[in-house]
Amino acid sequence: MQTYLLSQQFNAGSSAENSTACPANATICNGASCVLPEDNFNATLSVVLSTVLTIMLALVMFSMGCNVELKKFWGHIKRPWGIFVGFLCQFGIMPLTAFLLSLIFNVLPIQAVVVLIMGCCPGGTASNVLAYWVDGDMDLSISMTTCSTLLAMGMMPLCLFIYTKMWTDSSAIVLPYDSIGISLVALVIPVSFGIYVNHKWPSKAKIILKIGSIVGAILIVLIAVVGGILYKGSWNISPKLWIIGTIFPAAGYSLGFFLARIAGLSWHRCRTVSLETGMQNSQLCSTIVQLSFTPEQLELMFTFPLLYSIFQLLFALLLLGGYRLYRRHRVKTKTDVEKTEETEDSKSVSSHAKVNGGFVSN
């Protein structure tokens, strides 16, 4: 039940009937105070949209699987150096970065905990779509997302136990293992079908991949917009959380890239590890904080997961735009160099022919 206090200033000539008027669906009326039934519209809308987005996301992951070759995917599992580097980034760099940012900015204990929860979450599936657009290693991207989601069952409790000691008891944080399991199933099953389609019908898989990559890009933006519309919390949060929400994803992308490069991975795999590191599962973080904290506590920190998801998307789009510009410039430069070399070669052949009395073929 929700109580609404309807306080209005009436003129002297207003009738007593108007001064005690209540909405027709009120269950209790006492003067200007009315008790109304709870409005479940937002809750119903949230469930419907979540279901639709989950189905769309499964279709997108199916299309991403159409770009995965079974031999290469199995090669990453058999020789998991790239996966191991991603594991160090996901459950080593990100929780440590969250811990250091919380200390540096000296946020409230409850706010430090939500930053740490975000840092301990596994990679999000949006990273797979973005890895495709930056010409990353899709086999590595999907294997990393799968492994990080699976390992989150054990690594999240361990990381939270290590890093949250100085702010709260880690046992007070409720981990939704069912949500983690659902995320894993929603990732593995569609991708498996996509791999099968790519193995059986490669030409059809390419068409599905092109469509799915475009739908996936639209879906990432749509999820961010829907999250903002359905969000019930207050945006009046500490400026320190705004700063952390800006720095954190950028630090994840940068540190993931540099660690992958130090580990000797190729450039396209460095881009993949970078996206997998900075792109966190913010929906899982929101679920955890809702299950673990009271409404009064949520007012101080529930905005942070949405804040992080907005900035992680913004920085990812900037990285994508920068890479596309670099690629276009590089291809154009290489083409110009090749044309110059061909012209010089033809001139040298022509002059050689004139000197030796030969001819130049068309």
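Glycine too: its Cβ is placed from the backbone N, Cα and C atoms.
What TrEMBL lists as transmembrane segment is 43-63, 83-105, 112-134, 140-163, 175-195, 207-229, 241-263, 306-326. The region 'Disordered' annotation in TrEMBL covers 336-362.
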Outside the transmembrane segment (241-263), six or more residues from its ends: residues with CB under 8 Å to it: 81-82, 85-86, 88-89, 93-94, 97-98, 101-102, 105, 107, 111, 115, 118-119, 269-280, 301, 303-304, 307-308, 310-312, 315-316, 319
Per Cβ pairs under 8 Å, the stretch of 83-105, 112-134, 140-163 packing most closely against the transmembrane segment (175-195): 140-163
